[in-house]
Amino acid sequence: MGAIGAQRTPPDEVILVIDHNVELVAWSATEFDGVTVLAHEGTRGTAAARNRALAAARGDVVAFLDDETAPDPDWTERLLEAYADPEVVAVRSRLAIRWEAGRPNWFPNELAWVVGAPCTGAPDDGGPIDDLYGAGLSIRRETLFAAGGFPEDLDHQAGGMLAEPPAGAKTELRLRLHDLAPGAKLVQQPAATLRVRLAARRGGIGHLVSRCAAEGKSLAAVPQRAQGRAALGAHLAPIRAGLPRAVFRTLTATGPRDVEAWRALAAMLLALVATTVGYLNGRLQSTRTDEIRRTSTLTWFVARTALPVATVLWGLSLRSVDLDAMTDLGLITVMPATFWAAIVVMVAGFVALLSDKFALELWHAGYVLVLIAVLHATPALLYPTLRYSWAWKHVSVIDYLIRHGVTDPAPGPLSAYHQWPGFFSFFATMTQMAGLDDALDIASWGPLAFNIATLLPLLLLFRTVTRNRQLVWGGVWVFFSCSWVGQDYFSPQATTLVMYLTILAVMVRRFRRGPIRAGADPDGLAAEPPPITSARHRLIWATLLMMPIVAITSAHQLTPLMLVGALTALFVLRRYRNLGLLLVTAAVVAGWDVIIAWQVLESRFSDIMESLGDAGGNLSAGLIALGTASPGQVIVAYADRALSVGLWGLALCGAFVRRRWLRRPGLPLLMIGIAPLAFLAGGSYGGEIIFRVYLFALPLTALLAAALFLPARRAWVRTLVFPVVLLLMVTGFFFGNYGKEQSNYFTTDEVHLVRALHRIAPQRSLIVAPTFFLPAAYDQYERYDHIWLDELPPSREAVPNLPGHVPTLPEFVKDPSPALIDLMGAVPPGAKAYLVLNRAQLPATETAGIFPKGTIDRLIREISGSGRFRQVLGNDGGVVYELLPQTKAGKS
Amino acid sequence: MKASRPARWPLLLLAASGWLALSATGLAAGSAPRVAVTVLFLLVCPGAAVLALVRPLLGPRDHSGDAMESVALTVAVSVALGMLVTAGYYMTGVFTMPRAVMTLAGITTVAALGALVMPGRRRQGGRP
C-alpha cells in the first residue's frame, strides 16, 4: 500500500479487496486513508476477488496487484503511457522477482512462469504480446467488464494460496477480449516495473507441483479445447526447450553456480509431469461433478476394488458351468454362485463409483465394459458353438455370398437378405480378407462388439442433454442391463442400430440452428449446449452423414424407417430442423425399397415382416397356440414383461420428476425416444413391433429411469434403493435375453449332425424339422428346401389354396406320422426328404408350448413303427430320418 | 499462438493402410496378424481418411465430447463405405475380394492424400 501511495502519478482510486477475513477488513478500513476496502465473501479465489473490485471501480483503466507485489514509483505513469494508443486494451508490466528466503537452488529459469512471470518470454521493446499470463496486469475497465471479468470457474488455486489466476483463466480472458474487439492490442510495457517478493512458502517443491497441477487443470477447462491445448503447449515449451540443456548441465556439472543442475532437471521434469497430469485430469472430468459430496474412504475403496474383484469372480465362475443341466428357466439355472456374486459386487462398486466425485471417468467406462462383457461375452465363452439359430442363418447367407460372389435377387425364402445385402456383403468381405473358413468366429463375438460399439454414440447422445456424470453413466448402465430384446446378435439390425444412434447423436450435436432458451434447471442437469452451426457447416455434416444413412438403407428394412421417423420428430423442433436431410433420407429409403427391393416387398410382404426379427426368439407364452408352456417359460415371460413395464414405469416417473429438465435441454432426446412409438400404430407387424419400439426408445427410457434416482439427494435412495433396482434389472435381463437358452445353444454334436446331413443329401432334397432351432440349418440353402413344422398354417381357412399334401399344424399334432409322410412325399425325382430331430427341438417346441407335451416322443414312436422312415444319421446331438420311397408292400 | 504444422506421417500411413491390408491377405489364412490388420482396416481406415479430408470444413472441434464423436463417426463411416462398396460389387455380380479391397484402399488413399494437401490444414482450432 505504501508503494501505491508513493506513485508519482497517484491512481484515481485504490480498492483493497480482502478475501474472507472480517478482522482484516476492519483494521484496513481504519489504517488506510483514501482506500476503498471491500470484504469479499463469495467464491474464493483471486478471480472472484478481482471481479468484486471491478464492479466497484470507476476509473478507465484497472490494474491488479496482490499482497506480494509492489510497484516502482513510476509504475502508473508508465502503464498509462501505453494506453495512449486507443487500440491497446491490456498492458502487462515487467516483473522483477525477488525471493524472500533466497532463490531455491533447484529453481531453473524455465520455471519462472510458475511464480507469475510471463511464460513466453517478454519482448523488451513494449511490443505486442499474445497471452496475458503473468502478474501485473492492467486492462481497460469497460472492456474487462464487457468480457465478464476474470473467468471464475477456471480459477484453480494451488493449495489454498492466493496467487495470480492460472493460465486457463488468462487464456479464456484473452479469447473473450479478442471476441469483443478483434483488432485489440495487448502489449508489454517494460518500463513499468513491478517488484515481486515471493514468500518463503512459495519456494517449496510442493507448491511447485500443486501450482503446476492447478495450471494444467485450469487449462483443461478452457471451453475452446484447442486454445487450452495451445496454451498448455506454450507453457510447457520453455521446459521442453530447456530439458536438453539441463541434462547437459547435469552430466557435466556446469551451469550457474546458484542452481544445482540435477535438482533443476528433476524440478523441470516434475513440473512437466504435474502440469500434464493436471491437464489430463481436468479433461477427464469433463462432466459436472459439483452435485456430489466428498466421498468417504469406504466409498472410494469399494469403487476401486469391486471392478477387479468382479472381473476375477466372473472369470472363475465360467470354469464350472454344466450347460446340459440347464432347465426351462434358461442360462440363469446353470450359472454358479460366483457368477451372481460377481454381478452383486459389480453393481455395488458401480453405485459407489457414481458417488465418487474425483474418480476418473475411465473407471465408469471400465465398469460398463465389464458389464457388457458379463452380459454378452458369457455365451461366447461358454458355448461350444455359435448361439442362436438366426445368427447361424446369417452366417449361412454370408457363406452363400462367399461361394457365389453375387446376390440372388430371385424370390425365395431368404431373398430379403439379398435385397438388403449391406451387412452380409461387408462381413463376407471381412471373412475373406481375414482368410477365415466361415463367419462363425466373427458371429460369436458379434453381441459383445455391437454392444461396445453402441457405447460411444449412446454416451454422446446422453452428454448432449446432460452434463451430470452420475446421470450419464447411470443411464448407460440401465440401457445395457435393460436391453433384453436380443436384437444385438450378429445381424443387420444390430449393425444398423449403432449407425442409427451415431447419426442421431451427430444430428443433435451439429445441427443446432438457433439458441436454446435456458429453462428452469433446479437439479443442475443441463448440458453445455452444442455450438450453433452455420448453414454451410450443416451442409457438409449432412453430406458426411449420407454415407451411414445410405448404408443403413442398404442393410436393413426397418431401421431406415425408424431413422426417417426420428428425423421427422427432430424436424418438429425448430432448433434442430433440417428439411434437406429429412427429405434426402426419405428419398433414399423410398428409392431403395422401390427400385431394388420392390420385388420382395410386393411378393413376400409377410416374409419380410417376419425377417424383421425373430419374434419367437424372445417372445413368450402369449403367442403359443397348441400346447401350454412349461412353468419355467411362463416365469420367463412374466420376467420379460415385468422388466419392460417396470422400466417404462420408472421412465415415466423420471420424466415427471425431471419434467423441467426434460422440457428444455432434454427435448431432443425426448423426440428421438418417442418417435418410434408412431410405429406402434402399424400394428399389423404382429407382436414383434412392440419389441423393436422398446429397443429404439430405450435410450430415452433408460436415461429417464436413471434420472429418477440420479443425482440422488437422499443417501438411502443412493445406497439401498438404486442398487436393488440395478440388480433387478440385470436379473430381468438374464431372464429376458437368456431365458430360452435350452433351445438357443447348440452342442457340437448337433452341428456335426446337420453338416453330415448336408454331405449325404442330394440336391433339391427336403429338410424338415419341428422348428428352425437347428444349427447350420441354412448352410448351402440354395441346394435344399426347408420346412419348419411350427410354421405350418394354423387352419385351412387361414391359407386359401393350401395344397392338399400340406397339413395344418393341428392336423400334424393330431396325427404326426401320416401328415409327415404326405408332406415329405412331395419331392422332385432324385431328391430325398429328411426329418431332423436335434436336441434343441424338444425345448423349442414342447417347453415353449408350441406342441403339446409328448408330441416329439409320439412322433418318434409313430414314424419308427410306420416302416416308412429309416434313421440315416444319429449322435448325441439328435437323429435324422429319411423318408423311404413308397413300395408296393407299403401300398397294400 | 502460432499454428504449428501437424505431422504428416499419420496421414501417409493412413494412405498406405489399404494396400498394407491387401498385402496382408497374402499371410496364412486366419493367422492373427492377418485378422488383426484386415479387421482394423475395414473398421477404421476409410472413415478416418474421409474424416481427415473433411475435418477442416466441419467447423471448430472444441465442444466436450468431440473426440468421442470423431471415433464413433470414424467407425460408422468406415463400415458404411465398406457396406456400400461390397454391396455394389455383390449386387452387380462382379465381386472379387481383391477388387473390393482395392476400391476401399483407393478411397482411403485418395482421401488421406487429399487431406494432406487440403488448404487450411493446421492444428485444430488455431484461431488468430
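The first residue you see is number 1, and the count goes up from there.
Cβ coordinates come from backbone N, Cα and C, glycine included.
Note: TrEMBL annotation is automatic and uncurated.
Range A:301-317 is the one annotated as transmembrane segment, of A:301-317, A:556-572, A:641-657 (source: TrEMBL).
Per TrEMBL, the listed range annotated as transmembrane segment is A:669-687 (candidates: A:536-554, A:669-687). Between the transmembrane segment (A:301-317) and the transmembrane segment (A:366-386) there are 3 or more Cβ pairs closer than 8 Å, counting only residues 6 or more apart in sequence, so the two stretches are in contact. Within its own chain, the transmembrane segment (A:261-280) has Cβ neighbours under 8 Å at 105-108, 110-111, 114, 205, 208-210, 212-217, 219-220, 228, 232, 235-236, 239-240, 242-243, 246-247, 249-250, 253-255, counting only residues six or more beyond its boundaries. Note on the transmembrane segment (A:442-462): residues 365, 368-369, 372-373, 375-377, 379-380, 386-387, 391, 394-395, 427, 430-431, 436, 471-472, 475-476, 479-480, 483, 488-491, 494-495, 497-498, 501-502, 504-506, 508-509, 669, 672, 699, 703 of its chain, located 6 or more positions outside it, place their CB under 8 angstroms from a CB of the stretch. Contacts between the transmembrane segment (A:693-712) and the transmembrane segment (A:471-487): present, as 3 or more C-beta pairs lie under 8 angstroms, all at sequence separation of six or more. Same-chain residues lying 6+ beyond the ends of the transmembrane segment (A:366-386) with a Cβ under 8 Å from its Cβ atoms: 307, 310-311, 314, 318, 321, 323, 331, 335, 342-343, 346, 349-350, 353, 392, 395, 440, 443-445, 447-448, 451-452, 455, 473, 476-477, 480-481, 488, 490, 730, 733, 737-738, 741, 745-748, 750-751, 775.
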